[in-house]
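Chemist: According to TrEMBL, the protein has these features:
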type: DOMAIN; residues: 261-368; note: domain 'Cadherin'
type: DOMAIN; residues: 369-476; note: domain 'Cadherin'
type: DOMAIN; residues: 477-582; note: domain 'Cadherin'
type: DOMAIN; residues: 583-687; note: domain 'Cadherin'
type: DOMAIN; residues: 688-789; note: domain 'Cadherin'
type: DOMAIN; residues: 790-892; note: domain 'Cadherin'
type: DOMAIN; residues: 893-998; note: domain 'Cadherin'
type: DOMAIN; residues: 999-1100; note: domain 'Cadherin'
type: SIGNAL; residues: 1-23; note: signal peptide
Amino acid sequence: MHFVKWDLLLIFWWCKLDSLVHCYTVHISEDAGPRTVVAGLERSARCTLDQVLAPKFTEQFLETDAAAGIVFVSDSIKCPSLRSNPFTVFTVSDCRDPGYRHLLTSQYEVHVHGRNCSNVRKREPQWDMEVLSLFSTESQHRSECHEAGSALFAVGGLLPGAPLRCKVTNTRDFYFSEGDLCVSETLCWMQDTLRELDLICDVLTGNGLSAEVNPISIHWRVGQGPFRQAHLGKLLEKAAQSDSGIVSRRRRSINSSPQFQPPMYQVSVAENQPAGTPVVVLKAMDVDEGEAGKLEYFIEALFDSRSNNLFAVDPINGAVSTIEVLDRETKDTHVFRVTAVDHGKPRRTGMATLTITVRDTNDHGPVFEQEDYKENIRENLEIGYEVLTVRATDGDAPVNGNILYRIINSNGSNEVFEIDSRSGVIRTRGLVDREEVDAYMLLVEANDQGRDPAPRSATATVHIVVEDDNDNAPQFSEKRYVVQVPEDLSPNTEILQVSATDQDRGSNAVVHFSIMSGNTRGQFYIDAQTGNMDLVSHLDYEANKEYTLRIRAQDGGRPPLSNISGLVTVQVLDVNDNAPIFVSTPFQATVLENVPLGYSIIHIQAVDADSGDNSKLEYLLTDTTPNFPFSINNSTGWIIVAAELDRESVDFFNFGVEARDHGYPVMSSSASISMTILDVNDNNPEFTQKAYYMRLNEDASVGTSVVTVSAVDQDINSVVTYQISSGNTRNRFSITSQSGGGLITLALPLDYKLERQYVLTVTASDGTLLDTTKVFVNVTDANTHRPVFQSSHYTVNINEDKPVSTTVVVISATDEDTGENARITYFMEDSIPQFDIDTDTGAVTTQMELDYEDQVSYTLAITARDNGIPQKSDTTYLEILVNDVNDNSPRFLRDHYTGSVMEDVPVFTSVVQVSATDRDSGLNGRVFYTFQGGEDGDGDFIIESTSGIIRTLRRLDRENVPVYSLQAFAVDKGVPALKTPVNVHVTILDVNDNPPVFEKDEFDIMVEENSPIGVVFAHVLATDPDEGSNAQIMYQIVEGNIPEVFQLDIFSGELTALIDLDYETKSEYVIVVQATSAPLVSRATVHIKLVDKNDNLPVLKNFQIIFNNYVTDKSNSFPTGVIGRIPAFDPDISDQLHYSFEVGNELNLVLLNQSTGEIQLSPALDNNRPLEASMRISVS
């Protein structure tokens, strides 16, 4: 509670050493005379007064005598002009020791007393004393060290009395010993770095009986370096903050700090400019004059020290320029703390921030992710198939990095490809056939479309290798191979090479040969690899004159393709290896003596199994005499009468006949002929049977006797000869006279299919007369035909998923024989466990599950054998192609994939590539990739269907989604399609793309007035969704802080007052604070509202109440109501005044409302008597 009284006249001056050493409490009267000392003490010779800091309003009545080291009253003091009572005066003494300078701060709390003086007690300071001690070296760049236990300097002489006991309380680095401050461990000083300690001492002050011991606390700063005004400025500022703030106002009015307008610079400069390019001119204002208004400028990089090497500021004019060539792609934003320092004492500073954005120029060309792209594709892909994606990036800004793609060499064979100009996806636009072009080389250009200074481009080479599909069957070099082989060629001799080519590649083009049919006796062998055909066993022209072999050429593809159109005709060349054979021997014939010349007697017949000239025979007679009566037609073999016969001269001839072929060497055979000359007779020969019925098996060998016919002639010595005169179709039979009968033998092989019966007419002749008989020869069927398959090669397909016992195909053969000869049994030549064949029906069935991935085809040699005697057979080849069924799902090469990408990358940036394989083939094994059915980060990512490259599809934001858990699928193209999932984790890396965010746009902060200067009364905080260095925030006041009242810590956001806040002077401040995460900023308005405290006395001045009262019978002018109120007020709005009379109203002449101060006159004054009274009123 504060009191104000009338007529207070209490003037006294007194000084007392308080517990605050070098902090004095001074009481003076407002009527104190000139040269009254307010501040100043005796000091040692080594100390001089250096600075005085006092409130501005004291300039009216205080002066400093630097030589005497005192502050004194220079003029009368008027309490109403005191803005603060008491007020504080600081003095700074400069004390010198060898190697040290000490700055000693003294504080004087001055109380002014007088009639109109109010007085408020202020708070105690944190420390009793503050000292700054600087150790000087010869060179400011050299570090000085003190060994453990060594003394720094003597404390005595710096304190107001002799130190009796001292103790360092807050650090173990120092200790007090025998009047000295010592170091505990070896200590090396760092330039411009201060070490702080708190020292508590008991100091002896005064002399004699007045001596007393006082405890003091000292905050000591010790460091190395030249004595600089900056240290003094910091010390004085700290000292000022220890008081109510009045001194701070004084400081600013005496030496104001520079002020930047604006407090934040945002400029830009183009990259690649030469060093020395102007950027901006910094300008700060300082209202001081002279040296105190002369400024120097400094810049210091924030966040990234590299910026210090790129920019410099002229300390005199504030011009900022480059010192190196800038590269936007290395760093596009530079943030500096800008400091303007004046030359006042102490030197004051002002700060701002400078953000320099480096503008982009098109100094970077596109850069492909790869210089050479390589991709393998299969031929016969569908049009529109995505082959691969080329991707180029450009370090420039988007305006200079808008990349378009094109294929430079898009003509010719490369026309089958096209590229999407935006995405870089290369697709097929035509059919790709490896057999036409097996490799492509595309030259792709990426153009950035830049204009400053010109567009830039880059090229990449795309090598596309076309992988072979087994889409070509082997092709024989000839439609038919014909080879002539002598029948006497030695076995194991090569007779031919079959060749076939396959336009495919690799295993698809490896051709294997095999004989499919025609090699029934196994006379031939073909090498599967080379196609060389060898003779295995002897040939016999007479047995088989020609062989037709069907050859299969099969490639090694999956599934394999075959060509069975290859035909090899082996023509057996006849060798004269067979001598003529007479159909019967010896020959016997009779002839009448009276037959005419030229009469044909007997037909000599021989056969030669050879052919051509080797089988062409000529006959000649041997063992003849001169004038021999017989001759032979050398071509036909008929012996004819060449001269007249005379039985009486010669009745019997015995001679030889030779059959000679025309081969080389000539081969011949001989036979004997007995010729009897008969006398003329007149009886016909007569057959003993008019018909003969015979059965002959068709496989009877040549020379087999069929029947002997017999005829009887009654003439004496008659000789009967026999001939087949008709019915001998194709000369299958021959007859010879033998022992009086006619022996019919088989001359050529029979064929049941051609003739099943022969009716022979046989003539018996005695030379003149003849008789005939019929011989019926019924040909019986023999096992003459082998079974014959309908095809020499069968090809069937079966799906791999068919169950066991599935019928694959029914193979059937036919046999033209009958009965058992035609009953066929089927079997497989080689045992293949996957299949079995029904011996009766030829049905081939599966015996095991098939797997295309293990084996794609099987070749079965199937034999059909009849049940005749001997058994005959035929063999065919069954090729079973296993069809792939989509029974294998794709498999990824990894269990999961991880990737990372910056959040500001452009759309379509590659992140990670997944890869899967499928054991199936064809479409079943062709894999594509998709997010469909999985997780694509809500559409933020896309996956290339062919390559598996995952790319960004939209702009990313780490602050929304820092990590994506994607799920991709590898899907084959089978029916139904099979798919396999894989998890992909993508981490989004942070970039500084979010400005700081205040919790609110406006804040209300309540602060009690008279809060200590420098004490944090609020935190202004913003949050940045970014992380790491990108989330570092700088704070500054950008509006409303002129003159400088508040200070905002640039990093912590701590808000402090630089002056003593007085509600009565100003109740609310509005400032705008800015949070910067370079180059991004945000602002908020802060309303700092002061909370009123009762820190002001009520104000009451002397006043008079004068009234005239003339009382008559006719008038009543006496005021009976409130005539006014006490003219008192309290600057504190929250205070409730209380009014009372202290002296002079003992008669209650004035009635006072103690709450409102309203005044009424006592009715006792309602008279005509004059009255004057002095009263003292108290307002509290």
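Cβ atoms here come from the backbone N, Cα and C positions, even for glycine.
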Chemist: With pairs fewer than 6 apart in sequence excluded, do the domain 'Cadherin' (369-476) and the domain 'Cadherin' (893-998) have three or more C-beta pairs that lie under 8 Å?
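Modeler: These two stretches do touch.
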Chemist: Run the contact check on the domain 'Cadherin' (261-368) against the domain 'Cadherin' (688-789): 3 or more C-beta pairs under 8 Å, excluding pairs closer than 6 in sequence.
Modeler: no
Chemist: Which numbers of helix, strand and coil residues does DSSP report for the domain 'Cadherin' (688-789)?
Modeler: 3 helix, 55 strand, 44 coil
Chemist: How does the domain 'Cadherin' (790-892) divide up by DSSP, counting helix, then strand, then coil residues?
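Modeler: When I sort the residues of the domain 'Cadherin' (790-892) into the three classes, I find 4 helix, 48 strand, 51 coil.
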